[in-house]
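Listed in Swiss-Prot for this protein:
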type	residues	note
BINDING	His618, His622, Cys721, His725	Zn(2+) binding site
COMPBIAS	888-905	compositional bias 'Gly residues'
REGION	888-912	region 'Disordered'
Amino acid sequence: MSDLDEAYQLDYFEEEGFHRQECVSCGDMFWSRVKRETCGEPPCAEYDFIDNPGFDESHSLTEMREAFLSFFEDRDHERIDPYPVAANRWRDDVLLTQASIYDFQPLVTSGTTPPPANPLCISQPCIRMQDIDNVGKTGRHTMAFEMMAHHAFNAREDIEDPEQYAYEGEVYWKNETVQYCDELFEEMGANLDEIVYIEDPWVGGGNAGPAIEVIYRGAELATLVFMSMEQDSDGEYEMKDGNRYSPMDTYIVDTGYGLERWTWMSQGTPTVYEAVYPDMIAFLKDNAGIELTDEEERIVHEAAKLAGRMDIDEAEDIEAERDTIAAEVGVEVEEMRDLMAPLEDIYAIADHCRTLAYMLGDGIVPSNVGTGYLARMVLRRTKRLVDGVGVDAPLDELVDMQAERLDYENRDTIRDIVRTEVEKYRETLDRGGRRVRQLADEYAEKGEPIPTSELVELYDSHGIQPDMVEEIAAEKGVAVDVPDDFYAVVAQRHGGDDTATEESQTPYEDRLEELPETDRLYYEDQQRTEFEAVVLEVFDRDEDTYDVVLDQTMFYPEGGGQPPDKGTLSTDDVSAEVTDVQQYGDVIVHTCDDDPGKGEFVRGQVDATRRQRLMQHHTATHIVIHSARQVLGEHVRQAGAQKGTDSARIDIRHYESVSREKVKEIERLANDIIQDNITVSQEWPDRNDAEERYGFDLYQGGIPAGEQIRLITVGDDVQACGGTHVARTGDIGAVKLLNTERIQDGVIRLTFAAGNAAIEATQRTEDALTEAADILDVAPDAVPETAERFFDEWKARGKEIEQLKEQLAEARASGGGDNEEVGVGDATAVVGRIDADMDELRAQANAIVEQGNIAVLGSGLDGAQFVVSVPDGVDVDAGEVVGELAGRVGGGGGGPPDFAQGGGPDADALDDALDDAPEILRTVANA
């Protein structure tokens with residue numbers, strides 16, 4: 001096996017007199033200018049910059065960010081703007097941005113498209129959900145952070161086909177990267193003798209390479225990754241994940257400098273939180289009534305230097321580490337816990353509010369899936385922390401404090417979302433509390449602790465936090481198994497993207513790959529429906545179905561939520577109906593009911609009416625979502641869409657139901673755009689240029705591949721789109737919103753019709769209204785008032801009927817009739833048959849129980865039905881009685897001890913079953 005030792009033998013290290021050494025504590029190899037025993041990273045060493053800043057000057061976040069970016073601009077790097085934290089807005093394989101390299105995966109890193117600049121520098125906001133349980137405890141972890149970075153994208157000069165990559169040659173590599181790092185430290189005034197470069201090979205996403213962790217005074221301030229290998233079962237290098245890797249044609253400098261930690265290093269505060277958001281920490285402490293004495297301040301500062309040991313990813317037992325830290329500081333562990341726990345919660349609240357500001361500010365809407373689930377999880381955990389530590393400020397106010405710092409313009413929407421979510425959480429807790437008590441009873445009976453799997457399910461289904469489960473379970477004497485990384489476990493469970501797509505497959509895929517790309521004529525003239533082409537290949541699918549490939553086509557294949565065109569392919573001898581059109585790679589396949597013949601010249605005719613309706617609905621989809629964003633807010637984004645000939649639907653991410661007034665406003669705005677008869681234009685710009693001009697709202701309908709992307713512009717709305725569209729908005733005619741419904745939490749479906757389909761939908765509604773008016777014998781405009789009057793009368797008569805039923809039940813209960821009274825111990829049971837519906841049976845049973853008697857009633861109205869009701873204080877289980885009775889009529893039933901119902905199909909056995917009732921009652925009572 002070959003390792004990466006040689007990869008770290010840098011000329012720069014040799015020139016600067018670095019020594020390669022092994023840490024006596026953890027065994028890692030590292031480089032430093034002076035001889036030392038350990039690598040300097042916790043737990044091998046403590047933080048050595050608390051009250052001892054590592055740089056010449058104290059910097060704020062803003063100042064540190066500018067210092068970094070300016071440093072690299074001075075070294076010929078181009079500064080680019082940061083991307084959103086919601087990575088699924090430009091890629092479909094991840095949810096959140098966790099590193100600056102996410103901005104360039106997979107298209108740039110694979111060489112498919114060029115980077116926006118090369119080399120470049122950026123300060124990228126990131127969110128790492130896996131760090132959530134460490135936040136507040138270690139003093140250094142933040143779930144939301146900015147990764148300052150510089151990147152260089154290189155391609156080897158000896159590759160066979162350099163034109164297949166979007167960049168070429170070497171910009172710079174390892175020596176220059178380490179030198180830049182050293183120079184940055186020097187410019188900040190760091191003591192270069194204290195800097196340690198730890199060898200730590202990197203693996204991720206099928207790629208790998210040597211990497212270096214940069215440690216200064218106990219803090220990891222940077223990671224320098226040299227992505228240069230790809231997974232290969234026959235590869236030369238075996239990496240720490242157990243897989244083998246080989247060099248790849250491209251090699252990339254991927255660095256990460258934590259903005260928050262650099263700022264912390266410059267200030268030397270006890271934790272990173274005081275350095276990053278001092279005003280909010282001060283506000284939270286004051287609001288929660290936390291005031292520290294001088295001695296308590298001393299303890300906090302001393303403990304902070306050792307807090308790096310509290311990393312749940314490294315420590316085997318967090319509480320044992322706390323015991324050790326308390327002993328070293330010289331206090332009892334309980335005193336340490338009582339002092340630090342509220343502070344840790346305060347730190348977590350500040351961090352989580354910043355995370356929420358990033359999430360909601362970038363348009364993530366809380367829901368039960370994907371990024372929405374993660375936002376909801378953070379919000380609910382934060383609310384629990386706020387309540388637990390005694391902060392009485394509303395959560396929306398706390399999140400807004402961070403949103404203001406981050407300069408988001410949609411702060412009103414952010415606050416509205418938080419308020420809505422807090423109210424939903426309250427309702428969820430009311431429902432979920434009952435489930436926790438039930439679960440506690442179950443495990444109390446088993447004599448087992450409530451396991452982690454149940455905790456995760458409680459959190460997913462009801463939003464119940466582990467500490468609430470512990471509190472309720474303790475009342476029942478039941479332990480709870482809460483792992484230290486509980487929230488990371490939950491987040492990982494929902495870490496996959498919620499927009500997975502299925503790739504089309506065909507049994508002759510290999511043969512399709514040999515065919516040339518189909519020329520797509522429908523992009524040249526979307527209104528044209530006739531064309532001529534040559535048949536390149538015909539595949540026999542079955543006896544009467546053929547898949548035909550042409551050199552060019554006007555038929556649009558299914559894609560982007562738009563169904564395929566239909567029509568005919570004709571020769572002098574054959575007229576084949578085109579029933580389906582699909583795209584496989586660059587080849588378009590037409591499914592036909594006849595074989596036009598390979599090599600034949602064909603005339604294509606697209607169904608013009610169908611094409612026109614689909615174009616109207618597709619362009620209308622763009623207009624409707626643009627209108628929805630104008631009315632509901634910029635957070636609104638497409639979650640799915642489907643176009644048809646009679647109607648279309650678009651699913652949007654929104655945090656509450658859409659009122660009728662809002663629907664009408666969306667509809668009015670959409671029709672204004674249509675009446676303005678705006679030109680619908682298409683262009684094919686470079687991807688980077690398009691993203692720079694319009695941002696990632698381009699990708700409402702999905703993320704296209706390729707260096708150039710097709711943009712459709714309708715007024716102020718610009719989207720990347722591959723569908724067919726009308727030439728001007730006036731060609732749509734009109735749009736009518738037909739329905740709105742919540743299809744899942746955080747997703748609203750808008751169904752609408754356009755063009756003639758809108759007229760037809762309106763006519764159907766008018767027909768229904770006219771028919772209702774005829775039935776009610778009133779004018780159409782009087783239908784709502786008349787329907788409301790009839791409904792009120794119907795409800796009133798229903799109440800009268802119920803009252804009469806109750807009176808009849810009371811009369812029967814007191815008057816005897818066919819009912820039989822039997823003794824059951826000290827109680828009396830009334831047994832009888834009443835051929836009535838279940839409502840009346842229940843009413844009479846209630847009347848009998850109110851008199852202090854057991855009720856056993858049967859009905860033969862619909863099969864055989866029973867109701868058994870038992871008054872308080874009588875030791876008879878109604879569920880057991882019903883079970884016995886129902887068994888005699890071929891059915892089943894049950895319920896709680898005081899009331900049960902059931903039945904079966906054998907109505908002929910009803911009377912015999914009731915005859916057995918007295919004996920059943922006595923047996924159950926004596927059991």
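The first residue you see is number 1, and the count goes up from there.
Cβ atoms here come from the backbone N, Cα and C positions, even for glycine.
Neighbour count (other Cβ atoms within 10 Å of the Cβ, all protein chains): 25 for Cys721 (Zn(2+) binding site). Note: the Zn(2+) site is recorded as His618, His622, Cys721, His725; in the same chain, Met615, Thr619, Thr621, Val680, Ile712, Val714, Gln719, Gly723, Thr724 also have Cβ atoms within 8 Å of that site's Cβ centroid. The binding-site residues in question are His618, His622, His725, and the one with the fewest Cβ neighbours inside 10 Å is His725. Under the DSSP three-state reduction, His725 (Zn(2+) binding site) is assigned to coil, being neither helix nor strand. For the compositional bias 'Gly residues' (888-905), the number of residues in each DSSP class (helix H, G, I; strand E, B; coil) is 0 helix, 9 strand, 9 coil.
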